[in-house]
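Visitor: Mind having a look at this structure? Questions to follow.
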Amino acid sequence: MTDLSLSEGKVAPRARRDIGLRRRYAAEARFRFYGIFAIALGIFFLLALLFTVFKGGYTAFWQTSINLPITFDAETIDPDNKRATDPGKLLTANYTVLARNALAEKLGIDVEDKANRADLKLVSGLISQGVRTQLRDIVVADPSVIGTTRNVWVLAAADVDSAHKGQIDLAVPEARRKVKDQQVEWMNKLSQEGMMAERFNSGLFTFGASSRPETSGMGVALIGSLYMMLIVLVLSLPIGVAASIYLEEFAPKNRMTDLIEVNINNLAAVPSIVFGLLGLAVFINFAGLPRSASLVGGLVLTLMTLPTIIIATRAALKAVPPSIRSAALGVGASRMQMVFHHVLPLAAPGILTGTIIGLAQALGETAPLLLIGMVAFVANYPATPMDPATALPVQIFMWANEAERAFVERTSGAIIILLLFLAAMNLAAIILRRRFERRW
């Protein structure tokens, strides 16, 4: 009886232990499942976002164009034959008529017959109004084309482009759509003859702002973003690194430095729109800098990026082992030599990574730029950072508010470009960090 009781007493604790182990293993399995589920959910939403953006935006990189034999009629362009003495006459000619007549001739419509006015109006609706600028630039660049006939790919109108890409339901009654049945018939004829086709939309990267979707692009926004990123890099990198070196290596550890550190951390969490208000008050109202200029945008983004670079640089400096500092000081180096000859080169990969991430964050900012007037209709390229410009995120914001159907795909196309820039900058940060960092 005694041996049986002892064996039963030993079994009970063992059973409780096994139950506890099973519970711990089950809890661990649940935790792993929750973690994997959270990651999978995040990846799902990311893929859904990317799919939505790419589905609606990849067509923006292709633009419907019409190949026309344009006759540069001297009677239309320069009826008084004064282009030799007054080249400005070439700027005011009615180039739209040249494209309309060329297309009408291909469709078998007599432009001289007044009975065809309705058809000529529909023909004009197939061609973008931007054809005037396109043909004018050809003539201005080479006036010898006057009196000759040349094949030119001209842009189709935005609604025609949407219909050609299948974005307009042609089964809808004619009265409820802008592209009429006669125009659809002509489009099919031109496509069969190879005169209408989708070509790479280089204008998306080179054109400026326009009220017509087919002639609008983000060229000005790209230049404006480039100017701002250069200003941010030139100002925030040296200032941020210098401040970090002083706080980490030279500043006395007292309440003042603690207060500075707390404020730097707080500035990194301040909403970006607050920096826009600061820029509006200081740089525009007080300093008198021009509104909508890339310089003001760069200064505002510099203020916003500085805390990020300072925090990243201080973390990189802390990662350098104290033995490096001790060894440098032990062989007679000054504190300045120790920092710039030994510590800073070893911290450079982390500093570079923080700088690139800060620039990527600044590139995607919109709110502070809205407050300093960069929501502007700018058609001409800015020659200097003092000229009016816009930025890529702001251009996306403006296109998203447009009512025209064709601006929808341009908005998604610009988002794709912005995402590619951000992905490339983050990838560069990862590659550079792994290439140059040292593990201790």
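Note that Cβ sites are derived from N, Cα and C of the backbone, with glycine treated the same way.
Sharing the feature lines straight out of TrEMBL:
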type: DOMAIN; residues: 222-428; note: domain 'ABC transmembrane type-1'
type: TRANSMEM; residues: 31-54; note: transmembrane segment
type: TRANSMEM; residues: 226-247; note: transmembrane segment
type: TRANSMEM; residues: 267-289; note: transmembrane segment
type: TRANSMEM; residues: 295-317; note: transmembrane segment
type: TRANSMEM; residues: 338-360; note: transmembrane segment
type: TRANSMEM; residues: 413-432; note: transmembrane segment
Visitor: Do any residues of this chain, six or more beyond the ends of the transmembrane segment (31-54), have a C-beta under 8 angstroms from a C-beta of it, and if so which?
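Guide: Result: 412, 415-416, 419.
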Visitor: Taking pairs 6 or more apart in sequence, does the count of Cβ pairs under 8 Å between the transmembrane segment (295-317) and the transmembrane segment (413-432) hit 3 or more?
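Guide: As far as Cβ distances go (cut-off 8 Å, pairs 6 or more apart), the transmembrane segment (295-317) and the transmembrane segment (413-432) do not touch.
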Visitor: Look at every Cβ pair spanning the transmembrane segment (338-360) and the transmembrane segment (267-289), keep those 6 or more apart in sequence, and say whether at least 3 of them are under 8 Å.
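Guide: As far as Cβ distances go (cut-off 8 Å, pairs 6 or more apart), the transmembrane segment (338-360) and the transmembrane segment (267-289) do not touch.
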